[in-house]
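Everything on this sheet refers to the single structure shown next.
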Amino acid sequence: MENTIVVKLGGVASDNLTEDFFQQIIQWQAANKKIVLVHGGGHYITKMMKSLAIPVETKNGLRVTNKATLEVTKMVLIGQVQPAITTAFQKRNISVIGLNAGDTGLLEADFLNDANLGFVGKITKVKTDLIEQLLSENIITVIAPLGINSEYDWLNVNADTAACEVASALQAEALYLLTDVPGVKKGSEIIGEIATDEIEKLQYAGVIKGGMIPKLASAAFAAENGVGKVIITDSLNTSGTKIKNKVAIG
């Protein structure tokens, strides 16, 4: 969708909602850009689980999600994080609406092929009609990373993956994956650009590690599936690391 920008907010969403962030959103809207936000909430989910004495377990960067964890995840994402984000926009008189998989089956999903993860899923389809209708009315959409499968099970979805699937389905002009670092680092230097076919090599070299591994895998998917520009950064106002499809020039 021409002129559409997707932004994935970090796990501590409030860290991203700075005045500079909102000024960039306002500038984009003035330039007739359509904005979609996908938010995480890992920090808040972990905090709530600990307060309820529910064990926190992760595997390969993904939260192991049993029934209790799933209920907490839904409660926090839909009932705490998303309203905080939409309220921040409303305070600035920016039209916004929060969406989740319960809204017309927005994000269809299926279980990941790992029974040890529990109710963790992957997006199989993004129903773009509702998103596009709202964007046509200049309403920013804020989407929670939860999916529903054919049996109507709710599934926890990695927020980076969800953002990349949404951006790809919309054929977005740009995707910004906001995180807590200003880009992908090699030593102390930010790498300006990474081609998708360089990612595995950088991973083996130890340049890419930890939570950056699944983030780059998601970014590569978006770059290879029609998203015009994919950037990993800590702010909409910094250049970060651009993920480019195929082989980098030079």
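Start at 1 and count along the chain as shown; that gives each residue its number.
Even glycines carry a Cβ here, placed using N, Cα and C.
So that you can see what the record holds, here are the features copied from Swiss-Prot:
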SITE      Lys8  site 'Transition state stabilizer'
BINDING   Gly41, Gly42, Arg63, Asn156  substrate binding site
SITE      Lys215  site 'Transition state stabilizer'
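Structural mapping of features recorded in Swiss-Prot.
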{"residue": "Lys8", "record": "site 'Transition state stabilizer'", "DSSP class": "strand"}
{"residue": "Gly41", "record": "substrate binding site", "DSSP class": "coil"}
{"residue": "Arg63", "record": "substrate binding site", "DSSP class": "strand"}
{"residue": "Asn156", "record": "substrate binding site", "DSSP class": "strand"}
{"residue": "Lys215", "record": "site 'Transition state stabilizer'", "DSSP class": "helix"}
Same-chain residues at least 6 apart in sequence whose Cβ lies under 8 Å from Lys8 (site 'Transition state stabilizer'): Leu37, Val38, His39, Gly40, Ala159, Asp160, Ala162, Ala163, Leu175, Tyr176, Leu177, Leu178
Number of Cβ atoms other than its own within 10 Å, given for Asn156 (substrate binding site): 25
Between Lys215 (site 'Transition state stabilizer') and Gly42 (substrate binding site): CA-CA distance (Å): 14
For Lys215 (site 'Transition state stabilizer'), the number of other Cβ atoms found within 10 Å of its own Cβ: 23
Chain-mates of Gly41, Gly42, Arg63, Asn156 with C-beta within 8 Å of site centroid, substrate: Gly11, Gly40, Ile45, Thr46, Thr65, Thr73, Leu77, Pro145, Asn158, Ala159
Among Gly41, Gly42, which are binding-site residues, the residue with the most C-beta atoms within 10 angstroms of its C-beta: Gly41
Close in space, distant in sequence - Arg63 (substrate binding site), Cβ under 8 Å, 6 or more apart: Gly42, Ile45, Val56, Glu57, Thr69, Thr73, Val120, Asn156
Between Lys215 (site 'Transition state stabilizer') and Gly41 (substrate binding site): CA-CA distance (Å): 15
